[in-house]
Amino acid sequence: MCGRNQLFVASLLASACLIYCVQYVTVFYGVPVWRNASIPLFCATKNRDTWGTIQCLPDNDDYQEIALNVTEAFDAWNNTVTEQAVEDVWSLFETSIKPCVKLTPLCVAMRCNSTTAKNTTSTPTTTTTANTTIGENSSCIRTDNCTGLGEEEMVDCQFNMTGLERDKKKLYNETWYSKDVVCESNDTKKEKTCYMNHCNTSVITESCDKHYWDTMRFRYCAPPGFALLRCNDTNYSGFEPNCSKVVAATCTRMMETQTSTWFGFNGTRAENRTYIYWHGRDNRTIISLNKFYNLTVHCKRPGNKTVVPITLMSGLVFHSQPINRRPRQAWCWFKGEWKEAMKEVKLTLAKHPRYKGTNDTEKIRFIAPGERSDPEVAYMWTNCRGEFLYCNMTWFLNWVENRTNQTQHNYVPCHIKQIINTWHKVGKNVYLPPREGQLTCNSTVTSIIANIDGGENQTNITFSAEVAELYRLELGDYKLIEVTPIGFAPTPVKRYSSAPVRNKRGVFVLGFLGFLTTAGAAMGAASLTLSAQSRTLLAGIVQQQQQLLDVVKRQQEMLRLTVWGTKNLQARVTAIEKYLKDQAQLNSWGCAFRQVCHTTVPWVNDTLTPDWNNMTWQEWEQRIRNLEANISESLEQAQIQQEKNMYELQKLNSWDVFGNWFDLTSWIKYIQYGVYIVVGIIVLRIVIYVVQMLSRLRKGYRPVFSSPPAYFQQIHIHKDREQPAREETEEDVGNSVGDNWWPWPIRYIHFLIRQLIRLLNRLYNICRDLLSRSFQTLQLISQSLRRALTAVRDWLRFNTAYLQYGGEWIQEAFRAFARATGETLTNAWRGFWGTLGQIGRGILAVPRRIRQGAEIALL
């Protein structure tokens, strides 16, 4: 007995648990959740250059950052922000040197001679070991005659080409930098046969010569509905799976459009320390130099160069430079405490957690790439106001490494090339027309691009030509995210219908970024502010759109809807598309415009539940990301089923309206239903009768069908009615009493006719009874309505009379009250005036009484 009671209690508890312990999917809108994104960013700049402002929007300095209490993964190399920076800077670079004319006609044999000075003697390059360090006050800086510097090597060439007259050839003279032509090595004559460089490897185009590549600063901004996260950890080295110091921002810091190899110039990441960004899977690094050492480079192209256009043929104008004398060689000198900075780089490298080589800084050295590499790799390649310099860094490396047996200078000679290899696309070469006048440019050195080849005995820091690494240092601590404010979580509450609740308005904090301030809070705490967060999200999106629209309007004259302009305008509608997409998704689940939406879908995994007090929404989202597709599909199916149920319920609701019963369309349906019922009854009766007849025929109560159809019994045998038959015979053949002399087919037809007439009579009686009863019911209803209307009329008359009598009584009471009030006020007023009169007369009688008293006293 006790065991039965325990089993009963256990079953009750299990049933209660099944009813009350079921978890249902609950949809939350406005949760601080995000995922990595890769949409196009738009840029903003303060530069007012024509081509720069076409590419970017004006910068208004209205940007903000907030700290988040979350942990996030960052990777400078697998990063859409840095990849977009590389592509966009290349777009700016390509715009500035936009090619207009193909120089294929110049790929002809030229007869070239080395140029010699007409008025001066060339200064030979010294080959002896020397140590020369120059400063700002050195005289050779002004005269461009520092030790080891010579004159630029140039060649004067002649070639024949059909000009404007196609049937005649014309002789042209052209001067080239020696690095831009390739001459036949087996030609021992003074006059050599040369070709323009790269003629046999790629198509060469000449720049439009509209403007030159000058650096500019700009920043990236996320479209509305998206945000940028930045790793603010001091020890961040380009790859950090668990960055704990994360801030959210709408835009990046300012960055420089750098295009150089070996070194990064004018970067914005320099700090009072040296740090290294190291690729997560190979030896590529970017080293940020300590700005304490004030490292700068000053480059100069001496001479007063002029440029002349040469018309080669119709539509082809080639910009060249005439030779008056051999120009002085371009050169760069390095200012600052370079040796100390390089020592700090070695010490920082030895302490880096990714470094596996020797810790002896004496065995860590800087080396140049192989001489057989591309010129942009073997030399330091940089731009100086439109001219691209290729600087031989041997003297500089000897000076930094203090190689006593080799030439050491803190300046380097540079060659100028006008046919350059583009740094982003392989096999594309552009001819840059020379710039006139003397060119100088000064830059701050902020980083080193290098590959680390470590070993137990020696470590080589090899300078690199990966220009893209510069932007990984500038923007590698950012990542682009898309805010996904829709979250799922299990709760024991099932969907129910209730009146909408008006929540109190929350204060908008920091616009769109204020929505992310609760990212580090627990799920339970964040869920309490979903209404305010969702409004903050939408308000922030609208605010970002308005700001973007304002800057687009300010620049619409210069924008002209270029490719970048189209992207900037597209960024403005991205947020609205995202918001509408979220609302459409919520609507498909039956949760449109709700912050917390309970559903009837059971939770998919009972063992997977959130810790509302200790887990953030971002952590919970990562755990259930694989289940979102199934949850979404289940919610859609549940909503479809609920809509079907609501449709059926609404159809039933129409019956409770009395007027719908008398609708014409309803009566047509009723008639259809009645016809269907009558036809069904007839068919059912026929089927039942046929079945009964078949059963009787099988029992022998009708003649056997095997008799010939044309057979008629000629002799009628009368059987005595009182003669008893044998019991077996009566049971087998049945009772044959009566005048059954008709043939059985005719009798059977008569029987069917009688049954049909009986069925029709019964249907007629049923319909007549139904109509009579309906008429009686309608009469009763009409009588009830008549009595009800009479009662209502009498009640209204009685209450109207009662109200009329009450109104008259109230009016009379008011009139009596008015009369009493008037009389009371009149009497009070009279008494008040009488009292005032007595007081006045008493006051006036005081002198008289005093006089009378004085007279009496004198008498």
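Every residue, even glycine, has its Cβ placed from backbone N, Cα and C.
The structure displayed is predicted, hence computed values, not measured ones.
Per Swiss-Prot, the feature topological domain 'Extracellular' maps to 25-673. Look at Swiss-Prot and you will find Cys43-Cys56, Cys100-Cys208, Cys107-Cys199, Cys112-Cys157, Cys221-Cys251, Cys231-Cys243, Cys299-Cys332, Cys384-Cys441, Cys391-Cys414 tagged as disulfide bond, backed by similarity to another entry. Swiss-Prot lists Asn69, Asn78, Asn113, Asn119, Asn145, Asn160, Asn173, Asn242, Asn283, Asn405, Asn605, Asn614 (among others) with the feature N-linked glycosylation site. Residues annotated as region 'V1' in Swiss-Prot: 112-156. Among the features that Swiss-Prot reports, region 'V4' is placed at 391-414. Taken from Swiss-Prot, the feature region 'Fusion peptide' covers 506-526, and the record attributes it to sequence analysis. Residues or ranges marked as region 'MPER' by Swiss-Prot: 651-672. Residues or ranges marked as transmembrane segment by Swiss-Prot on the basis of sequence analysis: 674-694.
The recorded positions shown are Cys112, Asn160, Cys199, Cys221; of these, the one with its CA atom nearest the CA of Cys56 (disulfide bond) is Cys221.
Taking the Cβ of Cys251 (disulfide bond) as reference, residues of its chain lying under 8 Å away and at least six apart in sequence are, in sequence order, Ala44, Tyr63, Arg219, Tyr220, Cys221, Ala222, Leu228. Averaged over the region 'V4' (391-414), the predicted model reaches a pLDDT of 92. Cα proximity to Asn160 (N-linked glycosylation site) (within 10 Å) is found for the following recorded positions from Cys112, Asn113, Asn173, Cys231, Asn605, Asn614: Asn173. For the disulfide-bonded residues Cys112, Cys199, the ranking by surrounding Cβ atoms (within 10 Å, all protein chains) places Cys112 first.
Closest to Asn605 (N-linked glycosylation site) by Cα-Cα distance, out of the recorded positions Asn113, Asn242, Cys243, is Asn242. Cβ neighbours within 10 Å of Asn605 (N-linked glycosylation site), excluding its own Cβ and spanning all shown chains: 11. Residue counts for the region 'V4' (391-414) by DSSP state, with H, G and I taken as helix and E and B as strand, are 8 helix, 7 strand, 9 coil. Counting other Cβ atoms within 10 Å of each Cβ, the disulfide-bonded residues Cys299, Cys441 show the lowest value at Cys441.
In space, Asn113 is the closest of the glycosylation sites Asn78, Asn113, Asn283, Asn405 to Asn173 (N-linked glycosylation site), judged by Cα positions.
Looking only at the recorded positions Asn78, Cys107, Cys231, the one with its C-alpha closest to Cys299 (disulfide bond) is Cys107. In this structure, Cys441 (disulfide bond) is part of a beta strand by DSSP.
Neighbour count (other Cβ atoms within 10 Å of the Cβ, all protein chains): 15 for Cys107 (disulfide bond). Per Cα geometry, Cys384 is the residue among the recorded positions Cys332, Cys384, Cys391, Asn405 nearest to Cys43 (disulfide bond).
With every protein chain in view, the residue among the glycosylation sites Asn113, Asn242 whose Cβ has the most Cβ partners within 10 Å turns out to be Asn113. Taking the C-alpha atom of Cys384 (disulfide bond) as reference, the shortest distance to any of the recorded positions Cys107, Asn145, Cys199, Asn283 belongs to Asn145. Calculated from their C-alpha atoms, the gap between Cys391 (disulfide bond) and Cys243 (disulfide bond) amounts to 40 Å.
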